[in-house]
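For reference, the structure discussed in these notes is given below.
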């Protein structure tokens with residue numbers, strides 16, 4: 001008996017045709033959509049719940065586990081029903097995946113809603129459905145393909161290429177330009193398009209009556225129409241959810257590659273939120289920014305060159321520019337959308353008193369750490385006004401290496417001042433910043449101020465060189481909050497704000513991020 005050639009052992013009875021190539025191309029689309037839903041869920045959870053590392057890790061873990069379940073469940077789909085079930089599957093993936101971001105945004109605005117439960121339920125459902133896609137496509141191709149090894153290599157190649165495409169497009173184009181809600185609907189439409197194409201191209205192979213094919217086409221049309229309507233209404237849906245979340249009129253809402261910026265207004269109160277977290281209220285921000293800026297500039301009386309890291313709203317700039325001896329201010333903020341908004345929006349420009357139009361100001365849109373590594377400039381005062389250290393990407397800007405790098409750009413007689421969270425609500429976070437500065441070689445003078453929007457808020461003055469500091473008793477510029485008595489009180493801590501034992505924040509442990517999460521979890525639970 002002759003031995004068959006090796007390829008014959010790996011063959012199926014159907015010949016190769018053009019439909020196979022189109023199915024392989026469909027793999028590219030469904031892989032892109034599958035990863036997109038995972039990224040949308042992770043980004044949305046990070047935006048709404050904070051702690052991006054935890055949220056992305058848990059979302060990815062749950063999603064991959066659900067995909068594994070879906071792959072196992074796919075074995076129960078009968079061979080003669082593969083095409084029909086694939087069409088149904090794509091419609092379900094498109095529907096659940098497409099509406100996921102909009103549904104979660106709207107749900108989060110309802111205080112009593114079980115947001116986390118619904119989030120992980122949606123992730124699980126979408127993951128199971130996505131996990132079934134590739135096994136079904138491979139089985140369809142195997143019934144039509146001559147060589148199984150070639151089939152596997154082609155399917156996985158296009159699977160990985162689709163994942164690569166969306167992993168690049170999502171952070172660079174889709175999320176910042178379309179937003180999470182519209183991006184979700186877009187990929188839902190892609191899944192629906194695959195369902196419609198399969199239904200039309202393989203209509204003769206479905207093994208269904210004309211009536212059943214018509215019913216499937218009707219379902220596809222309904223899903224597509226719903227997703228198109230959602231895509232068209234994405235901005236309105238996002239506006240409704242954010243209006244319900246923040247409670248006030250939204251006058252600006254911008255998605256950048258780095259963050260979501262929302263500015264609200266209620267009567268004369270303007271508020272800025274970054275990723276859902278309050279950054280200032282115009283009713284009391286002067287307290288925060290006077291406390292942040294003025295003690296340092298009063299102490300370094302000859303300060304001519306000032307560095308601002310963060311502070312893209314221009315409110316710290318407004319305080320600095322009160323001093324006529326200041327000749328140059330360099331502001332380094334990562335997000336150009338932030339500095340552009342506060343340079344051009346009429347109400348916000350009025351709030352920062354046209355600070356960005358002052359010829360003494362230079363704006364650099366760059367990562368602060370990378371800029372410090374390449375810049376050669378020296379400064380008399382450095383104002384560090386970063387967001388709170390709620391994740392590792394921001395936590396590195398509060399680390400020992402970062403403060404050592406910053407010290408190279410501060411004159412020997414210069415001072416650094418840092419916003420350092422709340423010594424009352426987040427004592428370990430606050431004193432961790434102080435310990436980190438000392439570990440980096442600074443002498444420190446911690447202080448705090450009451451900002452009604454935030455509560456008791458903390459700052460730390462620090463000297464990398466031989467500069468000394470005494471709380472000022474007078475101010476050379478107009479103030480609304482600070483005077484001699486207020487300043488003296490700021491540098492005194494009440495017994496209910498004791499200093500706990502903490503370790504410095506290093507890059508290899510990021511202890512500050514852990515302290516911050518634990519401190520605020522205890523306050524907000």
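Glycine is treated like the rest: Cβ placed from N, Cα and C.
Binding site for S-methyl-5'-thioadenosine per Swiss-Prot: 259, 367, 368, plus 333 from the candidate set 235, 284, 333. Swiss-Prot assigns the feature transmembrane segment to residues 155-175, out of the candidate ranges 155-175, 260-280. Between the transmembrane segment (89-109) and the transmembrane segment (117-137) there are 3 or more Cβ pairs closer than 8 Å, counting only residues 6 or more apart in sequence, so the two stretches are in contact.
For residue 313 (spermidine binding site), the count of additional Cβ atoms within 10 Å of its Cβ stands at 27 [all protein chains shown]. Taking the Cα of residue 367 (S-methyl-5'-thioadenosine binding site) as the reference point, the closest of the recorded positions 289, 313, 385 is 385.
Neighbour counts of Cβ atoms within 10 Å were compared across the recorded positions 333, 367, 385; the minimum falls on 367. Residue 259 (S-methyl-5'-thioadenosine binding site) has 313 as its nearest neighbour among the recorded positions 289, 313, 385, going by CA to CA distance.
For the transmembrane segment (155-175), the partner stretch with the highest count of Cβ pairs under 8 angstroms, out of 21-41, 53-73, 117-137, is 21-41. Between the alpha carbons (Cα) of residue 289 (spermidine binding site) and residue 385 (active site, proton acceptor) lies a span of roughly 10 Å.
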